[in-house]
Amino acid sequence: METAEEQDAGNHTLLTEFILSGLSSSPELQHLLFFSICFIYSLTLLGNLLICMVTVHPTLHTPMYFFLRVLSLLDISTASVVVPKMLVTILSEDRSISYLGCVTQLYCVVFLAATEWYLLAAMAYDRYVAVCCPLRYPAIMSTRACLSLLLLSCCSGKVVSVVQTAWVFSLSLCGPRRINYFFCDIPPLVLLSCVDTRRYERQLISATVLVIFTPFCLILLSYSCIISSILRLSSAESRHKAFSTCSSHLTVVTLYFASGTLIYLQPKSSGSQEAKKILALIYTTVIPTLNPLIYSLRNKEVKEVLIKGM
């Protein structure tokens, strides 16, 4: 069935629907992929919901756990925007996604990703204040300050997502309508453009540097101050506790920023699409599953609440 309408102004077709190629075209792998991703998605939901429930415990009413709870909600949202459609695509012969559905999915993915990057910077600032200014910590990281940082992260994510989504879908996307990906993202959509995208690619690289490396530099600055303060502590136990608290956050930061940078710094590198699929799969499904494990298994307070709850 034809899903594109011929335009009078030119020989190109206006895409009203896209076809997602999915993770693999091999029929033998479809069921294995389906059950594997179902399992990972279930772990993502259970793990992050558990973090959300645990961090409302009275003993965990601190800014760090407030941000951790928001991070878990963002992880659930990111996985839920991508995974259900991916599972349908794996099993169904109908791999189509409407133009509006594609716009919505791209907007949500970019919004959640950008918000999460800025939230990680806010979490680094929280750790900096906790380690470097412990006596002033309650005053600096007040409830109002935490909500302001969250609002700033969300507003920054919204601006980035609106701009990037508008720019991508202003590129005159034309045939083929097949997206060599498992969800609507910037790199595979840029490949569908029938115009010169070099200017847009430069803009995207600039946006990537601004959106990813600005919070990353703030995180590095925060942790440089943190490490300097930790090394000045006289007690080995205090140094170990401070490093343990910060190492979980650094692990998450490394995973997020490494995968995001590799995906978006070369938007139209068609030769690396399969590698980008793997990175995107890690970013949207694997990392959200790892976050609860990283934070709960390495956090003594969270483990104590879990044990008491059992």
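Every residue, even glycine, has its Cβ placed from backbone N, Cα and C.
If you check TrEMBL, you get these features:
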| type | residues | note |
| --- | --- | --- |
| TRANSMEM | 32-54 | transmembrane segment |
| DOMAIN | 47-295 | domain 'G-protein coupled receptors family 1 profile' |
| TRANSMEM | 66-91 | transmembrane segment |
| TRANSMEM | 97-120 | transmembrane segment |
| TRANSMEM | 145-167 | transmembrane segment |
| TRANSMEM | 207-230 | transmembrane segment |
| TRANSMEM | 242-266 | transmembrane segment |
| TRANSMEM | 278-297 | transmembrane segment |
Chain residues outside the transmembrane segment (207-230) and at least six past its termini with a C-beta under 8 angstroms from it: 114, 117-118, 120-121, 124-125, 127-128, 131-132, 160, 163-164, 239, 242-243, 246, 250, 253, 257, 260-261, 264-265
Surrounding residues of the transmembrane segment (145-167) on its own chain - C-beta under 8 Å, 6+ positions past either end: 63, 66-67, 70, 103, 106-108, 110-116, 118-119, 121-122, 125-126, 186, 200, 203-204, 207, 211
Considering the transmembrane segment (278-297), which listed stretch of 32-54, 66-91, 97-120 counts the most C-beta pairs under 8 Å: 32-54
Local confidence of the prediction over the domain 'G-protein coupled receptors family 1 profile' (47-295), expressed as mean pLDDT: 84
